[in-house]
C-alpha cells in the first residue's frame, strides 16, 4: 500500500519535476522565469489530442505536439523576452510579458478547442506492470525514467562540460561571453527551446491521465513553479526533488488549486492574471 | 600607410579607415584612421571620455559602426557579430577584467579558447604558453577566480585572451589599480607577447607604460585621432604635447 | 555683489512661490479627489465595487512599489500580508466582537510587525532568495487559512459590516466607499511624501549603491527592514479595508495575487508616482469594464501586457513620458549631447594658500595590533599598527592583495577586526558599525564610484549629509507637511552645491544625471559626497583610478585644500609620484604585514619598500 502511494507520488512528482526543469533551464542561461511554461505543456497536449482526433497515428500526433511546444518556447523568447532584455537586462519586465503570453495562449486554446475537457490518446497508459504488489502503468514508469534521465543529463552537462560552464558564464556576463566567442542569442534560444521541449514532453507523459483541457497549463505551471521556488531556483536538481515531495503532500495540492480571482468577478483560474 | 600596393603585402592585423561609430543617435568616433601591422604593438592614448573604450568595442562589434572600414587580418569584420569576431580574429582584455568570477582560473582560461575546444592539442599548447608566461596562474589554476589578487586576476584575463589565439589583441587599461611591481610584470608580459610576434592594440592612461611597450602611439581626443607617431620619436616636446591632450 | 544678492533673493522668492503653488495644487487635488469619492459613494453597486476593489489593489501596488521600486526588494509576500490584515479583521470582529475601528490600528501595526520579522529573516538572503522566502511565506499563510477550522476553510468567511454613517452624515452615501477611499488617500500621501523627501535619494542609494549609503551613515539593513515593515503595514491596511467588501476566502490571497500585484507595479511603471495606481486600476477594472466574449477579452488582456511591455519596457507611465519628451523637444539636437554650460571641470576656485598649516602631534587615528581574516584560521592582516597625525595626509601603499583595502574597510567599519583596537578622535571605534562612523567624523570614498545613476550629481552629493539631518526617515512619511523639512531641503541643496563647487564641479554639473557624466566627474562627485558633511578624518581608496593627468592635478589641489582646512586624510593609491609628493607620512603593507611606516622621504628610501613594492 505504501509502495503504491510512493510509486504514484513519484510518477506525478516526475511530471512536476520536468516542469521545474523546464523553468530552471531557461533561468539558468537567461535569468528569466518563463511564466508561460505551463501553457507550453498545454500546447503540446492540445495539439496532440487534436491531431489524434483527426485520425493521425499516435506517434505523429505526439511528435508534432512536442515540436509545437518547442517552437512556441522559441517564439516566446523572440517576441516577448528578447525585446525586454535588450532594453534593460536587469529589469523584471519579462514577468509581465511572459504572463501576457500565458493568458493569450490559454484563451486562444479555449476559443479554438472549447473550454471543456476532451479526450487524449491513451498511449502507454493501457499497459500495467506489477512491482511487489503495487501496480504502475508503463506510462508512469516512463515518466519517472524520463525525469531521471533529464536530471542526470543536465547535471552532467552543467558540471562536467565546458558547454555547461559557458551557460553560467552567459548568465553572469552576456557581453563578455560573446567577446570570447559564445553565441549568446543562440544559447538563449536553445534554452527556451529545451524548456518548451521538456514542458511538451511532460504534457505527453501526463496527458493520458488528465485528458486535454486548455486550463491544464495553470495547474502544472503552478506546481512546476512551486517546486522550483522551494527547491531553489539555481539548483534544478533540488527543484526536481521538491516536485516529487510536493506531489506526495496532498495539502499543498488541493490548496493551490483553490481558484478564485480577487475581484470574484472572473472565471476560474489561479495562474496569475488568468 | 606608405606601403606601395605594387607588391603583394600581408594585410595588417588591424586597419581602420574613415570609421564613424557610436551609441544611440550620436557618433562617439569620427573619421578614425588607424592601423596595426603584424607583430606590432600600438598604444592608444587619450583623456577620459575621448572614446578609447568605444573604439575597442567598435572593433569587437559591440558598438554600432556607421561608416568606414574595420579590417582584421584582411577580413572585413564590420558586419560580423561579436562572437564571430571573437573566434580567432580579435581577443580582448576589457576594462575591469570581467573574469567569470563563479568559475575556476582554469575554466576561465578554457572558456577563452571556446572555439578551439574540440582541438585538444591546440588548447593544451595554448594553455602551456599561458602558464609559461604566468607561472603563478598555473599554481592557482584550480582556485576560484575571486580568490586571486588584482594583479593575478589581470594575468588570468590576459591568459583568457591568449587562449583564443587571436590575430589581434586588445587591452583596455590593463594597469588600472595595479601596484608598481605588478604593472612592471604586466609590461614584461606584453613585451613577451610582442616578442612572440603578436599584434597588440593597447589603451592606456600611463604614457610611460605605453612608450615602454609599444612601437607606435595614437592620441585620441574628442573622438578623433589628433596625434600619432613612433614611440622612439617621442622626445620631451612630444611628451608635453601628449600630456596636453591627456590633461 | 548686489546683483548677486538680488538674484539670490529672487531665487528664494521664486522657490517660495513655487512651493506655495505646489501646496495649493495639492489642496485642489485632495478636494477633487474627495468630490470624486462622494460621487462613488452615491454610485451604483457596480461603480462602488469597481472603485473599491481598484482602490484596495492600488494600495497594495503602492505599498509594493515602496519596496520593489524604491528599495529593490521584489517581494512575493504581499498576498500573505494582505491576507493577514483581512483575516485578522474578519475573525476578531466575528469571534470576539471587536470594533472595526480598534481593529484598524491593530491590523496595520500587527501586519507591520509581521513584515518587520519576515523582512529581518528574509533579508539575510538577497535578491532572488528574498523573493523565494516571501513567496514561501504567502504559501504558508494560504495553506494555514484554508486548513484551520475557525477560518472557514476554502469556503471563506463573511467579512464584518462597516458601520453606516450616523443620521446627520448620511448625505455622504456609502460608508464603505469612504473607508476604502480614505485608506487609499492616506497611502498616496505617505508614499508620495517619501518620494518627494530627502530620504528618497537615500533609499535609491541603498538599492543601487549600498556601500556608498552605509559610508554616509545609513544603517542599510535596518532601513530595509523598516521599509518592508511599512510596506507590510500598508498591505495590512489594504486587508482591513478589503474585509468590508464581502467574503474573504483563501483563493483571494493566493501567491498568484502576489504576482498580480507585482504585474500591476511593472505594467503601470515601477518607481513612478502614478504607475502602480494606473496598473492596479487597469488590471482590476479591465475585465469588468470590457464586456465582450470573455475568452476574446482575455486574449486582448494578455496581448496588452505583451505589447505594452515590449514596446514600453517602463510601463504605461513610460508611454506618457516618452510621448511628452517627443512633443517637448521635437527637433532632436543634431550634434552631440550638449555639455553643461560651464567648462567641463572648472578650475577649482581656491584661495591662494596662506602659510603651510602645521601638522600637529595629536593622533587623529590609531590602529593598534589589528588582526583580521575573512575565514576563521586565515589571516589577511597580521598585527598592523598605524598612527595618523591630525591634519596630515597619510599614504597607505602596498602590492595588490597586501591588505590595504581590508585595512581601509576595518577603519571605515565595513569589516570588524578579529583582535586589536582602532581609535579615532579619542574614541574606540572598532566595534562600531559602518553607519556609526560618519557621526564620529569618518567618511570614505571607494575605488570605483558606485553612485545612484538615475539621480543628479547634486542629489548624490546630498546623500553624504544623511547623518547630519536628524530623523530624516521618520519625517519622510509626511515630508511636505513639516516646515523643518523645507528648511532641510534648502540646506541640503545649498551645502551639496557648495561641496560640489569645492571639488570643482560648477552648477552646470550639479543637475546632470550621474548616468550621463564622465568617469572623472563621478569620482569627484563621490569626493563631494564624502566631504559635504565636513568630516575630520577622510579615507580615500584609490581616488586617482582612471583619472587623466589633469584630473590628478585637480584632486591633488583638493587634497591640499582639505589639509589647509585641518582635515586628516588617509589615502590608498598606486601612483607613487602622487603619494610621495602629497603625503606627510606613508605606511607600507605587504602580504598582510606592516613593512614600514614613517615620513614619505624615509619610506621612499627604504630598501624593503623598493623590494616588495616599488621595484627599481
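Using N, Cα and C of the backbone, Cβ positions are placed for all residues, glycine too.
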TrEMBL annotation of transmembrane segment - which of the ranges C:21-40, C:201-220 it falls on | C:21-40
Interface-richest range of C:46-66, C:98-121, C:168-194, C:277-296, C:302-324 toward the transmembrane segment (C:73-92), CB pairs under 8 Å | C:98-121
Give, as a single whole number between 0 and 100, the mean pLDDT over the domain 'ABC transporter' (C:365-616).
-> 90
Using a Cβ-Cβ cut-off of under 8 Å, list the residues of the same chain that are 6+ residues beyond the ends of the transmembrane segment (C:302-324) and lie near it.
-> 263, 266-270, 272, 274-275, 278-279, 282, 286
Under 8 Å Cβ-Cβ from the transmembrane segment (C:277-296), and at least six residues away from its ends along the same chain, one finds 50, 53-54, 57-58, 60-62, 188, 260-261, 263-269, 304, 315-317
Are there at least 3 C-beta pairs under 8 angstroms linking the transmembrane segment (C:128-148) and the transmembrane segment (C:168-194), leaving out pairs fewer than 6 apart in sequence?
-> no
Sequence-distant contacts of the transmembrane segment (C:128-148), meaning Cβ under 8 Å and at least 6 residues beyond its ends, amount to 73-80, 83-84, 87, 118, 121-122, 154, 250, 253-255, 258
Grab the same-chain neighbours of the transmembrane segment (C:98-121) for me: Cβ-Cβ under 8 Å, and only residues 6 or more beyond its ends, written as numbers and ranges.
-> 77, 81, 84-85, 88-89, 92, 133-134, 137, 160, 162-163, 224-226, 228-237, 239-240, 244
